[in-house]
Structure formats: structure tokens, C-alpha cells
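Novice: Take this structure first; my questions come after.
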């Protein structure tokens with residue numbers, strides 16, 4: 001078990017548990033920390049024999065996020081996203097085939113004019129035209145490029161002292177042939193470059209459109225994943241996976257269209273020209289050089305692949321540690337563990353450095369081997385041509401032509417070497433992204449699901465014999481144990497009880513972040529499983545226990561509750577949340593940027609923004625999870641009054657530790673160890689003299705003790 005500092009995590013309550021399970025942690029007034037056996041770590045400058053859960057104890061995690069019993073241990077999805085995946089050759093080949101097929105589908109979309117809308121058909125047609133146009137410009141560029149060595153050959157032969165002028169000395173003077181050839185040489189090179197850039201301009205529309213669509217698809221997919229997926233993921237690593245995957249799309253598309261097939265075409269063309277102009281020996285050397293070059297490149301690149309995988313894994317790890325450390329900036333400072341965080345980051349960087357050096361060393365070997373093979377082939381062909389010049393069967397211009405053709409061939413050869421390397425690396429970069437896209441959310445709409453309409457169906461909520469435990473790799477502590485309760489339409493109900501008894505879990509189940517292991521939840525008389533997720537969530541406004549805001553303006557964060565609301569409605573919601581005057585006191589008013597996760601605002605200000613956002617949503621069901629825990633008593637009283645006013649038109653559920661704020665609720669439900677222990681009005685519960693009365697007496701004693709010490 002682990003003992004936590006009561007000062008840092010007071011809201012868990014003395015002697016309470018974090019919710020991860022028995023033997024995990026307990027909060028005491030002590031500075032001693034005893035951890036369950038998982039990982040040995042170094043804290044500060046001295047090694048402490050402590051053991052920490054793989055993904056942190058929930059009580060510690062609660063410093064920045066609400067846990068309430070949610071286990072965040074590793075899972076299969078987490079392993080796929082945050083850890084290196086060792087695929088078998090067949091699995092890797094299958095995945096790369098799927099990626100390649102999808103790239104072709106992007107390049108050449110199939111549409112049905114009878115089924116698809118007109119805009120989709122038009123866009124598909126335009127994309128195909130651009131792909132064909134790019135290929136046409138590519139072939140034209142190759143045709144012009146291949147003329148350059150021939151023009152240069154005739155230019156050399158037309159100069160004084162060459163065979164052409166020796167046979168007819170007046171030709172150059174009378175025709176100006178060298179000048180014409182020189183102009184033709186320059187024009188051909190410029191035209192080849194112009195065609196290449198024009199091709200890039202045309203194809204850029206295709207590539208960027210595909211990147212945009214894949215990026216949006218991935219973004220939407222991540223948001224459609226269930227809560228458990230997001231609890232298990234590392235934000236920094238996930239961000240790197242998506243970033244590298246999107247960046248790799250452009251390269252793979254360009255390689256498919258402009259390098260692989262065109263290079264094969266150019267090699268065949270040059271080999272044929274060499275055989276036609278100089279004989280089979282020249283073409284044999286060229287083919288042998290190309291074969292050795294390609295074989296060497298493929299072999300070494302295959303060997304280098306693991307280094308790239310290691311780099312990706314370690315880069316993900318380093319990026320994840322940076323983001324995690326920055327997101328927990330305050331926690332790092334609370335415990336002055338800057339050096340510890342720096343050492344952890346440096347450990348990842350050292351691992352990345354080692355893998356990067358291996359990759360660079362192997363790349364140098366690859367580059368040297370490629371140059372050596374090409375140089376050997378070039379030397380052999382040049383030697384044969386020189387012999388032909390000595391024998392009188394070839395001219396000096398032919399030597400220039402051979403040299404030009406081979407160097408013309410070297411460009412696609414070097415490209416195919418680097419392209420193969422980069423394509424392999426791009427496929428590695430895209431693997432995790434496509435594995436992410438293959439992940440399916442655990443909670444999805446049934447095919448027969450209907451839209452929830454609170455007007456016609458009502459807002460009665462019923463939990464019937466609910467059994468639930470959060471998913472865990474180790475243990476599954478039962479949070480709800482046959483919980484049964486009904487919440488009537490239009491009523492205001494309070495849930496009270498010690499931490500970890502299942503109060504916030506009911507919200508997660510109602511919001512369908514999870515599904516119960518047993519039992520049934522109905523909304524408006526319909527099983528939640530029979531209603532669409534979107535319609536359920538649109539009908540519930542939430543004031544979370546821990547408010548996280550966008551790195552945008554205060555106005556944007558409030559408006560986010562209802563993007564269709566007018567600005568007057570935004571300000572009215574802010575007034576009801578008692579935040580309007582505070583906002584106006586800021587230099588930029590509603591345009592004040594709140595900082596990442598709202599860190600520029602105080603806890604009370606963030607909470608009031610969350611309340612304003614929930615009020616603005618105007619949902620028929622309002623769920624408040626400790627909505628005033630960060631507020632002073634006077635502000636708390638005002639806000640609770642407004643929440644009750646809003647609650648008059650809604651079904652309202654309030655989780656509260658301060659019992660004084662919920663005495664006027666229509667019903668108070670006391671939860672204990674995952675079951676309903678007591679329920680009734682405040683007066684009824686007081687008369688019972690049970691758990692509720694004990695909780696109230698404890699809070700009153702604490703308040704008296706605080707006053708006496710004050």
C-alpha cells in the first residue's frame with residue numbers, strides 16, 4: 001500500500017483510498033510513502049527503495065485529473081500506441097500492403113455517379129486529372145532530360161579539333177552549329193527543370209488534399225474513441241505518432257507517383273540506348289551496376305530498419321516525458337523534482353542518441369557502398385568507350401554522351417536508394433497511425449439505436465442493480481455493487497458519501513463513457529444501450545470536479561458550452577456563475593487567454609467558468625460534480641442558488657462533500673461502498689441518525705475546530 005500526504009490531497013479525506021483497489025494507497029497525516037512493488041525509481045539525489053505503479057497511483061494523478069477509481073494501467077491499446085510493436089515479417093508486409101492500397105485509393109478514388117453526390121464525383125474527377133497531368137509532365141520532363149547528353153555530345157563534336165570539324169572545317173563557321181547546340185543544351189536543361197516544378201505544383205494539390213483528409217479522419221477517430229482509451233494514452237507520444245504519420249504521407253505519395261515506376265522506365269531507356277549506340281557490353285555493365293546497386297541498397301536498408309524503429313520508440317518516449325512533465329509543471333515544483341525530470345528526459349535522449357548514431361553510421365555505410373558500386377560501373381563503361389575512341393569507332397563526344405547518360409541514370413538510382421530508405425522509414429512512421437485508425441471504440445451505437453428526445457421521452461433516470469468495476473490490468477475492484485436508484489424528472493438530487501464510493505462513476509455510466517458489467521440504466525424509460533451516444537451527451541450538461549479549459553479566451557471557453565448561443569447569452573451565463581464582474585476586471589475582458597488547461601485562472605475562477613459553460617448549454621439534465629469545492633462560502637451560496645434556479649427547469653444531480661450546500665435538495669442519496677445506504681430529504685436523513693448524520697456531525701466539528709484555531 002501507499003501512504004499519501006494529507007496536505008497535498010486533502011479532498012480525498014483522512015484515511016480514504018484513491019480508488020485503485022485494496023492495497024494501493026491510503027491518505028494519512030504522514031510524510032512516509034510506501035509503494036506497491038512495480039518500478040524502482042530515483043527521487044531527488046538519493047535512491048529511495050520505493051515502488052510505483054506503472055501508470056501512477058490515482059491519488060497522485062488526482063493532482064491534475066479526476067480519477068475516482070479509474071484504473072489507468074497499461075492495456076493492449078496502450079501497448080500499441082506507446083510501446084514499440086514487434087511485427088512479424090508477414091504482419092509487417094500485410095500492414096504495408098494495406099497502407100499502399102489505401103494510398104492508391106487516395107490517388108485514384110473510385111466513385112459511383114449514381115450513388116455519390118455530384119460534388120464527390122467532381123472532386124474525384126479533378127484529382128484523377130491532376131494525377132494524370134502530373135504523370136504527363138513527368139514523362140515530358142524525362143523525354144527532355146534524356147536529350148541533354150545527346151545535345152552535349154554533338155556540341156563537343158562540333159568544336160574545333162573534333163572529328164566533325166576535321167571532316168568539314170567550314171561547317172561551324174557557316175552554320176554556327178556550336179552556338180545553336182549550346183543554346184539547345186541550355187534550353188533543354190531549363191525546360192526539364194521547369195517541367196519538374198510544374199509537375200510539383202500540379203501534384204501538390206493532390207498531396208495536400210490527401211494529407212488534410214487523413215489528418216481530419218485521424219483527428220475525428222481519436223475523438224470518437226472511448227474514455228478508457230484516452231485514460232491509457234500518453235498525449236505526447238500520441239501526438240508524435242499522428243505528426244510523423246501525416247508527414248510521411250507526402251513522401252509515400254511522391255515516391256509512388258514520381259520515383260518508383262519512372263525510375264524503372266528511365267533505367268530501361270538508358271540501357272536500351274547504350275546497347276543501340278555502343279553495343280551489348282555497355283548495356284551489360286549498366287544492368288550489372290544497377291542490379292548490384294539495387295540489391296545492396298535493399299539489403300542494407302532492410303538491416304537499418306530496426307534502427308529507425310528504435311529511434312521512433314525512443315523519440316516517442318522522450319516526447320511523452322516532456323509533455324507529461326510540462327502538464328504536471330505545478331507538481332514538479334511542489335516536490336522540487338526538476339533534476340529528477342531532467343534526468344528522466346536525458347535518459348530518453350541518451351537512448352535516442354545511441355539509436356541515431358547507429359542509424360547515421362549505417363547510412364554512411366550505405367552511401368559509401370552505393371557510390372563505390374556506381375563508380376565501378378561508370379569506370380567500366382568509360383573504359384570500354386575510351387577503347388572504342390582509340391580504335392576509331394567512337395568520338396570524344398561519345399565519351400561525353402556515355403558519361404552524361406550514366407550520370408543521368410545516377411539521379412534516379414540515387415533517388416531510388418534514398419526513396420526506398422525513406423519509404424521504409426515512412427511506412428514505419430505510418431504503422432502506428434494506421435494501427436490507431438484500426439482501433440475500434442469499445443462503446444458504439446447499436447444499429448437500431450434511436451435518438452433520445454427529452455421532450456417526448458422525459459428525463460427520468462433509473463439505475464437498476466448496477467455492477468461495475470473499472471478495467472484494470474491487475475485487479476478489478478468492484479466500485480458499484482448492485483446499485484439501484486431512481487431520479488425523477490425535474491427533481492434535484494444530491495449524491496454524498498466518502499471518496500471512491502461510486503458517485504462520479506454514476507456520471508461516467510450515465511454519459512456512457514463506460515457500460516455497466518451488470519444491470520441496466522434507463523433514460524426517459526429507454527435503455528441507454530438503445531439510445532445514440534450523441535443524443536444522450538447533448539442532453540446532459542456537466543460541471544466537472546476538475547475543470548480543464550482550452551488555451552483560448554475566457555469568452556471562447558464559456559461559449560464552448562453552446563456554440564449557437566448569442567454573446568448576450570454568454571454574458572448572462574457568466575453573470576449567473578458569478579464570473580462576469582471578475583472577467584470585466586481583466587485588461588482584455590472576455591478576450592483574456594486563460595493559458596494551457598486554464599492555469600492563468602485561479603481554481604475558483606476556472607470552476608465558475610465551468611458552471612457558466614454548463615448553464616449556457618441549457619441541457620435538460622445537469623450533473624454537478626462538487627461544483628463549488630474551490631469557492632468561498634459567499635460565492636458558493638450565490639452559485640448554488642443559481643444552480644437551483646437552473647435546476648427548476650432540469651433534472652439536476654449534485655455531488656457534494658459540503659453537506660450545507662445540498663440541504664434544500666429534493667432528495668439526498670448516501671452511497672457507501674458502491675451501494676445506496678440511505679436516501680431521503682435532509683430532515684428525514686437527520687432523523688434517521690445514520691451515515692448522513694455522522695458525516696454532517698464530522699463536518700460541523702471540523703468547522704468549529706477551524707474557527708477556534710482561527
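Cβ coordinates are placed from backbone N, Cα and C, and glycine is handled just like the others.
The transmembrane segment annotation in TrEMBL covers 131-151, 171-188, 251-278, 284-303, 372-390, 396-420. Residues or ranges marked as domain 'ABC transmembrane type-1' by TrEMBL: 132-425. According to TrEMBL, the domain 'ABC transporter' annotation covers 461-698.
Could you place the listed features in the three-dimensional structure?
Specialist: Remote same-chain partners of the transmembrane segment (131-151), defined as residues 6 or more beyond its termini with a Cβ less than 8 Å from a stretch Cβ, comprise 107-108, 181, 184-185, 188-189, 191-192, 195-196, 198-199, 202-203, 206, 257-258, 262, 265-266, 269-270, 273, 400-401, 403-405, 408.
Distant neighbours of the transmembrane segment (251-278): 99-100, 103-104, 106-107, 131, 134-135, 138-139, 142, 146, 199, 203, 206-207, 210, 286-287, 290, 381, 384-385, 388, 394, 398, 401-402, 405-406, 408-409, 412-413, 415-416, 419, 422-423, 426-427, 430; these residues of the same chain sit at least 6 beyond its ends, with a Cβ under 8 Å from one of its Cβ atoms.
Long-range contacts of the transmembrane segment (284-303) within the same chain, counting only residues at least 6 positions beyond its ends with a Cβ under 8 Å from a Cβ of the stretch, are 267, 270-271, 274, 362, 365-366, 369-370, 373-374, 376-378, 380-381, 384, 406, 409, 413, 416-417, 420-421, 424.
Residues 145-146, 148-150, 152-157, 162-163, 255, 259-260, 262-263, 266-267, 270, 273-274, 277-278, 282, 286, 290, 293-294, 297-298, 301, 366, 370, 374, 377-378, 381-382, 385-386, 388-389 of the same chain lie 6 or more positions beyond the ends of the transmembrane segment (396-420) yet place their CB under 8 Å from a CB of it.
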Novice: Pop the mean pLDDT for the domain 'ABC transporter' (461-698) in here, whole number is fine.
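Specialist: Across the residues of the domain 'ABC transporter' (461-698) the model's pLDDT averages 86 on the 0 to 100 scale.
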